[in-house]
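Database features (Swiss-Prot):
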DISULFID  Cys39-Cys127  disulfide bond
DISULFID  Cys103-Cys112  disulfide bond
DISULFID  Cys115-Cys140  disulfide bond
DISULFID  Cys177-Cys247  disulfide bond
DISULFID  Cys223-Cys232  disulfide bond
DISULFID  Cys235-Cys260  disulfide bond
DOMAIN    45-149  domain 'Gnk2-homologous 1'
DOMAIN    170-269  domain 'Gnk2-homologous 2'
TOPO_DOM  27-288  topological domain 'Extracellular'
Amino acid sequence: MVVHLISLLTQTLALIILSLPSIINTSQLDYDTLVFKQCDPLDANILQKATTKSPNYSNQNLFLRAQALSSFLRKLESESSRSKFLKTLVGNEKHAVSGWFQCREDYPSEICHKCVGDLREISSRSCGNATSARIHLRGCHLIYKFERIDTPGAQVNNHHKYKLFETPEHGLIHKICDGATAETFPGFEEMRTEALTAAETGVVDGHGFYEDSYKLLHVVAQCDGHVEACDCGECISSAAAAAAEECRWSIAGQIYLEGCHVGYTYHPHELPNDSYHEEGSKVNTGKSLAIVVGGVAALVFVAIFFMFLKSLRKKGDDC
């Protein structure tokens, strides 16, 4: 009996140890930190038409508008469990919402789904009355705008009748430059230029995503899912130029353009970590894994010890 229990507990411990790396890696992902949000104010023209005479029109219009946005966000959240990117248009007889969500390509599907759920909450809480919004978290982002439907009784059933956002022009949207500088480190600018140049070709080969370490820099680059390969490379090239200009001596920087974003982190005294190393995330995976495994093993051996004592006591009672 004791031998059987020991065997069972040993197998359980082995399964736990095998699953721990993925659990710890997932828990490390800083996917839900807000990077920035932009909510454009509500346009009064959306709430009323000059030809409208009904006093209840504004309330009804607000309801239909909120309904369209809610349907749009629900669809994105639902699809995020199966896809890392979705560009779509959803609406009713008065309003349509066009836009997309995108998750960081190397994050697991469950993290993508959680991240888009957070986007939906932030949008509802902070941008509920906006005509357009852009929300970026560390692990995903959301962009949408309202499309005016002027035809009475029009239904948004055929997406080809309505335009989504046009091809981006790679304009600067947001930047984050670390306050610490690398001015005293020789060769920093050249190293960053080489690392970001590698990202330009990397996103083309990687179908819009690149994450790698180059010498003492860690670089992450990604284009929006609807951006073609050649445009993606050009966008990252523009982002690299913006990083050199806007964050010249910063040891870490993030540049967000229309269509893509790029981030880099400089590690002058250590080699960058592998995948999932993001700005501000420096968790020691090996140490965490050792602590957890040790704790689980201790619990298992304590359980075996008590079972052994119980077995001896039972034998004594039988005598």
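Cβ from N, Cα, C; glycine included.
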Listing them in sequence order, which of the disulfide-bonded residues Cys103, Cys115, Cys127, Cys140, Cys223 have their Cα within 10 Å of that of Cys260 (disulfide bond)?
-> Cys223
Going by C-alpha distance, which of the disulfide-bonded residues Cys39, Cys115, Cys127, Cys223, Cys235 is nearest to Cys247 (disulfide bond)?
-> Cys235
If we check Cα distances from Cys177 (disulfide bond), which of the disulfide-bonded residues Cys112, Cys127, Cys223, Cys232 wins as closest?
-> Cys223
What is the interatomic distance between the Cα atoms of Cys232 (disulfide bond) and Cys103 (disulfide bond), given in whole Å?
-> 16
Measure from the CA atom of Cys140 (disulfide bond) to the CA atom of Cys112 (disulfide bond) and give the result in Å, rounded to a whole number.
-> 7
Averaging the pLDDT values of the topological domain 'Extracellular' (27-288) gives 84
Argmin Cα dist to Cys235 (disulfide bond) over the disulfide-bonded residues Cys39, Cys103, Cys115, Cys127 returns Cys103
Grouping DSSP H, G, I as helix and E, B as strand, the residues of the domain 'Gnk2-homologous 2' (170-269) number 36 helix, 34 strand, 30 coil
Cα of Cys127 (disulfide bond) to Cα of Cys140 (disulfide bond): how many Å, rounded?
-> 17
Can you check what DSSP calls Cys140 (disulfide bond), collapsed to helix, strand or coil?
-> strand
Of the residues in the domain 'Gnk2-homologous 1' (45-149), how many are helix, strand and coil by DSSP?
-> 44 helix, 31 strand, 30 coil
Fewest other Cβ within 10 angstroms of its own Cβ, chosen from the disulfide-bonded residues Cys247, Cys260 = Cys247
Cβ density check for Cys112 (disulfide bond), other Cβ within 10 Å (all protein chains) comes to 25
Judged by other C-beta atoms within 10 Å of its C-beta, the most isolated of the disulfide-bonded residues Cys39, Cys103, Cys140, Cys223, Cys232 is Cys39
